[in-house]
Each structure stands twice: as structure tokens, then as C-alpha cells.
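What follows is a single structure, written as C-alpha cells, with notes after it.
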Amino acid sequence: MELHHSKHHATYIANLNKALSSPKASNTQSLIHFNGGGHINHSIFWNNLTPASSEDAKQSAAPSLTQAIERDFGFFSDFKTKFNAALLGIQGSGWGWLIVNDGKLDIITTKDQDTVPEGTTAIFGVDMWEHAYYLQYLNGKAAYVENIWNIINWGYAERRFTGHADGEFRELKAML
């Protein structure tokens, strides 16, 4: 994870800053979209991880979110199965997301460094780029997906679900 954070995420930030300082370059908008999206996605990702020993790693840290998951997906185990299937269905690079869309929870995937659609709120996301899992899991993508549940920060997800993500990254998303 240190390499992922200190190298990959840091590169998105450096490249975003470079693109923002060169607004006349012909590919500036695509660079801002890709690197800005990478920064937003990774910022959410790091915050939605916590040590497995943390109280926030327990689903009980998200009572309102858990209730909504059960409302929109049935049992939590059904939600987890659907989310895992979405993650494992990503071909190439991308992200899996639990989002709120018109007051209802939904599972979506995005390609490359695309962010969640405008008008939706990301509750948590899982990085499915190979760099996210390869050093620890090699080609064991399914093991990564299964183990990510042990370190989801349910406390952070609950805060995002209950409105503490409103306006986050608004200015940067407007540039994408």
C-alpha cells in the first residue's frame, strides 16, 4: 500500500498540477480528467480503508448505511456478492463503487480514472487497477476482493452516506 500511495497517487497529483500549469497544451483537458480523477478516486479509497483491528472496520460502525444496504439489496451478504461480482467483472483497469443515486444505493463500475457520475455520491470505492493488488496478491484478484472487506472503513462510509461528502472535490470535478 505504501508504494501505491507514495508513488501511484503522488504521480496523479504531480501530473494534475503540471497539466493545470500548462493550460494551452493540446492534451490539457484529457490530462486533467485522467489525473484529477485519479486523485479524487484515490483520496476516497485511502479514507475508506482502516486497519482490520479498528472499530471502524466493523459493519456496526455504519448503522444507517447498513439499513439502507438491506433496504436496497436485501441481506448484506447479497450486497457483498453483487459488489464482488461487479469488481471481478471489471476488464482492465477501473473502480467499483457503492454510490447513492436519487436516494437509493447502487453498485457501479468506472473505467480507468473516471469518477462517479455527476449527481451521485460515492460511499466507498475499490481500486481494481492491477497496481492495487498485484504486489500482495499477484494475479489473485479474487483474494484481494474478498480481503478488502476486512479493512473497509465503515465509519467513514457512514459519514459519507449521511451527507458529509457533499461538495467534496466540487471545484476539481468541475474541471473534469
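Counting starts with 1 at the first residue shown.
Each Cβ is built from the backbone N, Cα and C atoms, and glycine gets one as well.
Copied over from TrEMBL:
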- 1-49: domain 'Manganese/iron superoxide dismutase N-terminal' (DOMAIN)
- H4, H42, D127, H131: Mn(2+) binding site (BINDING)
- 64-160: domain 'Manganese/iron superoxide dismutase C-terminal' (DOMAIN)
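Per-class residue totals from DSSP over the domain 'Manganese/iron superoxide dismutase C-terminal' (64-160), listed helix then strand then coil: 49 helix, 24 strand, 24 coil. Along the domain 'Manganese/iron superoxide dismutase C-terminal' (64-160), the predicted structure has mean pLDDT 96.
The candidate set comprises the binding-site residues H42, H131. Of these, H42 has the most other Cβ atoms within 10 Å. Around D127 (Mn(2+) binding site), a 10 Å sphere centred on its CB holds 26 further CB atoms from the protein chains shown.
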